[in-house]
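**Q** Sharing a structure, written as structure tokens. Questions coming.
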Amino acid sequence: MAPLTDLDGVWGKPTSTLDWCEENYVVTPYIAEFWNTVSNVAMIVPPIMSMIYLSFCNVERRFYWACLAFLSVGLGSWCFHMTLLYEMQLLDELPMIWGTCVLVYAFYESNAQPKSHNYPLALLLLVYATSVTAIYILTKQPIFHQTAYALLVLALVFRGVYCIVVNKQEYSGFLFVYSLVIYATGFFLWNIDNVFCAQLRQSRESIPAPASAVLQLHGWWHVLAGLGTHGHIMFSCYLRNRFLKRKATVWQLGILPFVSVGKAE
């Protein structure tokens, strides 16, 4: 997975258990994986924009927490790829678990009564996140973390299908497809980057910078995961507010979809 040759930078030798396919300190000595770092803008800007926008829509606090959880992953990932230090790796990977638990809670409560709290679900997610954190810190096995995270993502997908097919809740087909397809595409590129790292590096060497950045597939994973997660939060917001009989309209700002929420019908 790691590149064959790297340069030295201000953060010293990597101490993380993972070193991705991008060559280290090639663009600047201040950032270990430049493109893998700056691509996290896609996981930093959208949640900030969403929190500002949703503050004018008078939505439930769960969606602000979802945006904050999303933002924490983007900031942690930035720090990890910038330094490749183990402590920063945990700052990236642990928020992925805890933050997705927040998304799971908000999504699974899409048809709950207003101002209600599902304490059993909250306790289950707390135990899950705490257990994953403890086991991962003790074992330092990336595959364990990746599996634990994948289970949470699958829980979101299954819940979305359940709400649509079984509960027959009013939903936005565009937001459902947008979030699912974009995120799945990013996951596909993440795997390609891992499996075909040597071939990708060889191809990048034959392309002048910055055009070669197009083949930084882990960076594209960040971009697409960011867009897909943003789309999911908007999908969850739409689903919830239609359940509450509030008017919800999907609109777009460039490639970013948003949900406009009005008063109860």
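Positions of Cβ are set from backbone N, Cα and C atoms, glycine also.
Fair warning: this is a prediction, and the values are worked out from it, not measured in the lab.
Features from TrEMBL:
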- D19, W20, E22, N24, E33: Ca(2+) binding site (BINDING)
- H81, H218, H222: Zn(2+) binding site (BINDING)
- 34-56: transmembrane segment (TRANSMEM)
- 63-84: transmembrane segment (TRANSMEM)
- 90-108: transmembrane segment (TRANSMEM)
- 120-137: transmembrane segment (TRANSMEM)
- 143-162: transmembrane segment (TRANSMEM)
- 174-192: transmembrane segment (TRANSMEM)
- 220-239: transmembrane segment (TRANSMEM)
**Q** On a count of neighbouring CB atoms within 10 A, which of the binding-site residues H81, H218 is highest?
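**A** Counting Cβ neighbours within 10 Å, the top one is H81.
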**Q** Same-chain Cβ contacts of the transmembrane segment (143-162) under 8 Å, 6 or more residues past its ends?
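**A** For the transmembrane segment (143-162), the sequence-distant neighbours (Cβ-Cβ under 8 Å, at least 6 residues beyond its ends) are 93, 96-97, 100-101, 103-104, 107-108, 110, 128, 132, 135-136, 176, 180, 183, 232, 235.
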**Q** Give me the CA-CA distance between H222 (Zn(2+) binding site) and E33 (Ca(2+) binding site), in Å, as a whole number.
**A** 13
**Q** Sort D19 (Ca(2+) binding site) into helix, strand or coil using the DSSP assignment.
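**A** Once the DSSP labels are grouped into three classes, D19 (Ca(2+) binding site) ends up as coil.
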**Q** Please report the Cα separation of H81 (Zn(2+) binding site) and E33 (Ca(2+) binding site) in Å, rounded to an integer.
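**A** So the alpha carbons of H81 (Zn(2+) binding site) and E33 (Ca(2+) binding site) sit roughly 5 Å from each other.
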**Q** Counting Cβ pairs under 8 Å to the transmembrane segment (174-192), which of 34-56, 63-84, 90-108, 220-239 comes out on top?
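**A** Comparing 34-56, 63-84, 90-108, 220-239: 220-239 has the most Cβ pairs near the transmembrane segment (174-192).
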**Q** Out of 63-84, 90-108, 220-239, which stretch has the largest tally of CB pairs under 8 angstroms to the transmembrane segment (34-56)?
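**A** Most contacts with the transmembrane segment (34-56): 63-84.
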**Q** Could you work out which of the binding-site residues (D19, E22, E33) has its C-beta surrounded by the smallest number of other C-beta atoms within 10 A?
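**A** Across D19, E22, E33, these binding-site residues, the one with fewest Cβ atoms within 10 Å is D19.
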**Q** Can you tell me which of the binding-site residues W20, N24, E33 is spatially closest to H218 (Zn(2+) binding site)? Compare CA atoms only.
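**A** Nearest listed residue in space: W20.
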**Q** Enter the number of other CB atoms within 10 angstroms of the CB of H222 (Zn(2+) binding site).
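**A** Looking across every protein chain shown, the total is 27.
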